[in-house]
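Asks: Here it is: the structure, laid out below.
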Amino acid sequence: MATDLSESQGQSAANQGPERVPPLKRPGVRRGLLAAGVLVLVAGGLWLAQYQIYGKFEQNTNDAYIQADAVTISPKISGYVEQVLVGDNQDVKVGQPLVRIDPRDYDAQAQQYQAQIDVAKANADNVRATIGEQEAAIAQARAQLASAEQDARFAAGEAARYAPLAASGAETAERLSSLRNQAAKARAVADAQRATLLSAERRIASLNAQVRQADAQGEAARAQLAAAHVNVGSTVLKSSVAGRIGDRTVRAGQFVQAGTRLMSVVPLSKLYVTANFKETQIGLMRPGQPATIEIDALDGTKIAGHVESISPGTGAQFSLLPPQNATGNFTKIVQRVPVRIAIDAGTEARRVLVPGLSVVVTVDTISAKGAQRSIAAQEEARRDAKP
């Protein structure tokens, strides 16, 4: 029996073999884990160092879109569209005709005002001719008045000379009476000539007023004619910028009112990005700082840009209904400030860019890293300077 027990123990020891070592206690595994840990620490340290030196100064947002200052094409006048000279999505140049409105009504108005000018000129010329005739009549009336006054003075002198003779009986009373009647008639004739001259002179003043009135009517008609010519010129709508036609709603034969939106011209050469950064991101943001624009439409391709300007207010301040937080419950919400980013892309990239595309904007603000410390130091110095 003892022999059987010894054999059984020997077989058990033989089945167990050599003693196993745990994996974590093996030298190779420990060295590998240690090396991996060191690499992780080094990578984390490098990332932290890069973030502290550069990364924390990079501000990015995906609340950004490409925009352009599109020009709305609207007629200044009303009328029927005679011809549409451009198609959808067509590139146009500055001054290129876009739409032509039927000009016949406005041509007729221009002709009417030209006729009024001609009538006013004819009236003025007619009155001026009448003034010339009246001036001749005045000269004749003055001559007749001078003759009548001379006759009146002569008649009065004769009556005065015969009065003593009649009193002495050298001349008859009838002769004196006749002379006095002649003198009275001569005075009456002179008075009549004087009245005629005065009336003729007043007539001249009236005619001069008529000339001024006719001239004024002519000037008014000229002003109306100039406005009519402007309207005639406005029948052809031209592009004020170079760009591409979009949102074209006008059709030939359509009646359009003044101010009706017919189409838009998008200046694709002057695209920009409006990036809405959080208020916590703009402390170091300044115009001129470089920016990177990641275009979703180009599969994440990045193009260069720079900060052009920063809005003078948050987006909420310029909304249709600005927030009023003076009353009621208040919940603080992080505001966003629109920042205009200029696009410094090449020709090939600009062919793809259109307003409305979503982009991701990153602005490098490291150039203003000392601004916060400077502001804090200035404000602290001001507080200390106060008594």
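Keep in mind that glycine also has a Cβ here, set from the backbone N, Cα and C atoms.
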Asks: Given 190-224, 225-259, 330-364, which one carries TrEMBL's coiled coil label?
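Replies: Matching range for coiled coil: 190-224.
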Asks: Going by DSSP assignments with H, G and I as helix and E and B as strand, what are the residue counts for the domain 'p-hydroxybenzoic acid efflux pump subunit AaeA-like beta-barrel' (271-363)?
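Replies: For that range the per-state counts are 13 helix, 37 strand, 43 coil.
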